[in-house]
């Protein structure tokens, strides 16, 4: 009985003022949370309770221990050890990928916690920036080393995996579980994201067409100038999209008490919920009315953001340096590693969350994770990398080569057709998964014309 009282004291808000509600604990890391550690003895539980009253230890426990996915954290130091002790690039690359996976998920968690203190506008901008921080850090390090093709292919792979593999697995599993009825999602929100994706395809296609038709005014320079101009336009368009959604959210919140909400407002509310989850914000899986509360303080969130960003930056260096060695040791094309392996393993936590939401019949949030993330990468991360390369003096452009551009174009068209009805089932999911397998096989036999890699 004493042990039970100790456990209750540990979870009470009087002992730990920042402890979140039950709904909060199920939101961000709903399936990554470890079960409560039951006391094996009164002495051990008492020691744990006193330790958790120390804020620094409690913060470490919440961020680095509590989530199940953190069991992959030791693979990061192991990759560094293997780099210096063995020089086996294949294992260094594989363990670096595994080590970055929980860091990416924890970065999203720390950003979400900081968003509680900054308000919706600043929080939205923070989450839009850090939502794909891992991809941006890896890309910046690769750009610094002059590995432009790796940057282009890894970002392209993130878009393809989100739109085909993640969305396909979500539709497939959700359709099997809810096979008695048709699952529905907000078609209007999906159309908005599809429109942004088509705009991104247009901006990526023009430099490639200009290059391969040899119609440039200045060969090799016109496509770079066009890419930089288009990237600035894409950043403006994505910023306008965020501003529009945030302003809409304020208007909807202000009109909640004025009476019933019409259908148009319902669409905006749903699309904002989808956008919020894409940023990494909390979505209450159990639809509880309890208010969410932060688990860590504002300065703790800032500190963890800095620590996790530095750790991701360090591991990204070893990851990028090992790509060519892994390609040689595994006898795989660099294009296959960049387009297929990097996105699948690096975004595993995000992929799992999309599938879990589909299983809970919350397809609007699933679309926010899959399609919303693809929109963010295509309209924000890719042009951001072009601008950063411009500042670095690197010729990073939007010419993704003919094969990659055609793959992206066909993928966006296929997914747009799948979403036009506003319904999903396991057959649609199976079609998307099979389409991704075709894409993966194509890149396995693809020869990169810019490097001669095969």
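Every residue, even glycine, has its Cβ placed from backbone N, Cα and C.
For 91-246 (among others), the entry in TrEMBL reads domain 'Sodium/calcium exchanger membrane region'.
Annotated domain 'Sodium/calcium exchanger membrane region' per TrEMBL: 301-443 (among others), in sequence order.
The transmembrane segment feature in TrEMBL is assigned to 60-85 (among others).
Residues or ranges marked as transmembrane segment in TrEMBL: 91-109 (among others).
According to TrEMBL, the transmembrane segment annotation covers 121-143 (among others).
For 155-177 (among others), the entry in TrEMBL reads transmembrane segment. Counting same-chain residues at least six beyond the ends of the transmembrane segment (155-177), those with a Cβ under 8 angstroms from any Cβ of the stretch are 132, 135, 139, 183, 338-340, 342-344, 346-347, 350-351, 354-355, 357-359, 361, 363, 366-367, 369-371, 373-374, 377-378, 381-382, 385, 400, 404, 407-408, 411-412, 414-415, 424-433, 435-436, 439.
The feature transmembrane segment is assigned by TrEMBL to 189-213 (among others). For the transmembrane segment (189-213), the list of distant contacts is 222-224, 226-227, 230-231, 233-234, 237-238, 241, 267, 270-271, 274, 364, 367, 371-372, 374-375, 378-379, 382-383, 397-402, 405, 408-409, 412, 415-416, 419-420, 422: same-chain residues at least six beyond its ends, Cβ to Cβ under 8 Å.
The transmembrane segment feature in TrEMBL is assigned to 225-244 (among others). For the transmembrane segment (225-244), the list of distant contacts is 124-125, 128, 196, 199-200, 203, 206-207, 210, 376, 379-380, 382-384, 386-387, 390, 396-399: same-chain residues at least six beyond its ends, Cβ to Cβ under 8 Å.
If you look up TrEMBL, you'll see 301-320 (among others) marked as transmembrane segment.
For the transmembrane segment (332-358), the list of distant contacts is 30-32, 69, 93, 97-98, 100-102, 104-105, 108, 134-135, 138, 149-150, 153-154, 156-158, 160-162, 165-167, 169-171, 173-174, 183, 283, 285, 323-324, 326, 365-366, 369-370, 373, 404, 424, 440, 443-444, 446-448, 451, 453-454: same-chain residues at least six beyond its ends, Cβ to Cβ under 8 Å. The transmembrane segment annotation in TrEMBL covers 332-358 (among others).
When Cβ-Cβ distances below 8 Å are used as the criterion, the transmembrane segment (365-392) is approached by residues 128, 131-132, 135-136, 139-140, 143-144, 148, 151, 155, 158-159, 162-163, 166-167, 170, 174, 185-186, 189-190, 193-194, 196-197, 199-201, 203-204, 227-228, 230-232, 234-235, 237-238, 241, 273-278, 283, 347, 350, 353-355, 357-358, 398, 415, 419 of the same chain, each at least six residues removed from its ends. The annotation transmembrane segment is assigned in TrEMBL to 365-392 (among others).
The annotation transmembrane segment is assigned in TrEMBL to 398-419 (among others). Long-range contacts of the transmembrane segment (398-419) within the same chain: residues 152-153, 156, 159-160, 163-164, 167, 185, 187, 190-191, 194, 197-198, 201, 203-208, 210-212, 223, 226-227, 230-231, 339, 367, 371, 382-383, 386, 428, 431-432, 435, 439, 442, 446, 448-450, each at least 6 residues beyond the stretch ends and with a Cβ under 8 Å from a Cβ of the stretch.
Residues or ranges marked as transmembrane segment by TrEMBL: 426-447 (among others).
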Stretch-level contact, the transmembrane segment (301-320) and the transmembrane segment (91-109), CB cutoff 8 A, at least 3 pairs: yes
